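These notes are about the structure you will find just below.
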Amino acid sequence: MASLSTSSLCIATLLLVVVSWGTFASARNFYQDFDITWGDGRAQILNNGDLLTLSLDKASGSGFQSQNEYLFGKIDMQLKLVPGNSAGTVTAYYLSSNGSAWDEIDFEFLGNLSGDPYILHTNVFSQGKGNREQQFYLWFDPTADFHTYSILWNPQRIIFSVDGTPIREFKNAESIGVPFPKAQPMRIFSSLWNADDWATRGGLVKTDWTQAPFTASYRNFNADNACVSSSGSSSCTSSSSSSDGNAWLSEELDSTSQERLKWVQSNYMIYNYCTDAKRFPQGVPPECTMS
C-alpha cells in the first residue's frame with residue numbers, strides 16, 4: 001500500500017505541474033496581444049480570448065493587428081482557413097512596418113473552388129520593394145483543421161514554415177546590394193478580404209456571395225521568442241545570445257531542415273520569381289544567385 005500511495009502522490013504531483021504549466025502557457029490571449037482594426041463587428045475574439053475569427057461578406061471583410069511591434073522574432077500562429085468554395089477570397093497574415101519604404105513578410109492564402117487546392121503565396125518586401133513571390137500548394141487540407149504558420153526573422157535570414165516544415169528561406173544578401181529587413185519594427189497584421197479581381201485564376205473565378213459569410217479562424221499565437229520594440233528600444237539586448245535563450249537570433253536550417261525544404265520546393269512549389277526569366281529578361285534579381 002505504501003508504494004501505491006507513493007505512486008499516487010507522484011502522479012498527483014505530476015498532474016499538478018502539468019496543469020500549472022498549462023495554465024501558465026496559455027495565460028496570454030488575443031485580448032492582450034491584438035486589436036481588431038476594421039470590419040464593423042465581423043472580427044470577433046471568442047472563448048475567453050483563445051480564439052479569433054475573421055469574416056467576409058459582400059459589404060466588408062475584417063482584420064486585426066498586434067499591439068506590439070517586433071524587430072526580429074520567431075512567431076507562430078495557428079490558422080484554419082475558409083472552407084468550401086473560397087474562390088475570390090484572400091486571407092492575409094503578415095508582418096509589416098510603416099512608411100513608403102516599408103518592410104514586409106507575407107503569408108497570403110488564395111482561395112479556390114471547392115475541391116481545388118488553396119495557393120499559399122509568400123513575399124518579402126525590403127525598403128518598399130517586393131516582387132519576390134513564391135507560391136505553394138499545401139500537402140493537407142488547410143480548412144479541415146488548424147495548422148501552424150511560422151516566421152523566423154533574424155538578422156541573417158527569414159524562414160517561412162508550415163507545421164514546423166520550412167517552405168522558404170530568404171537570406172540576408174546585403175553583401176551583394178540587396179536590402180534586408182533589419183531596421184524597421186513590424187507589427188503583425190491579418191485580414192480576410194475580397195480580391196476576386198486577381199486571387200483565383202487571375203480573376204477569372206469570382207466570389208460566390210451566396211456562400212457568405214466566409215470565416216477564417218486563429219488560435220495559439222506565440223511570440224515568446226521575439227524582440228518587442230518600443231520607443232526605439234528592444235526587449236532583446238544587443239548582447240542577447242543563445243545563452244539567454246535567444247538561439248533563434250542566429251538560427252539557421254540544419255541538414256534535416258534543408259532536406260525538408262528541398263522536398264517542399266520540389267513537390268509543392270508552383271511559382272518561383274527566381275526562375276521566371278520572362279518576367280526578368282535582363283536577369284533574375286541578384287539574391288536568386290545565392291546558394
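Here the Cβ of each residue, glycine as well, is placed from N, Cα and C on the backbone.
What TrEMBL records for this protein:
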ACT_SITE  Glu104  active site, nucleophile
ACT_SITE  Glu108  active site, proton donor
DOMAIN    24-218  domain 'GH16'
CARBOHYD  Asn112  N-linked glycosylation site
SIGNAL    1-27  signal peptide
Cα-Cα distance linking Glu104 (active site, nucleophile) and Asn112 (N-linked glycosylation site), given in Å to the nearest integer: 25
Intrachain C-beta neighbours of Glu108 (active site, proton donor), sequence separation six or more, cut-off 8 angstroms: Val90, Thr91, Ala92, Tyr93, Tyr94, Leu120, His121, Thr122, Asn123
Long-range Cβ environment of Glu104 (active site, nucleophile), under 8 Å and at least 6 residues apart: Tyr94, Leu95, Ser96, Ser97, Asn123, Val124, Phe125, Gly130, Pro181, Met186
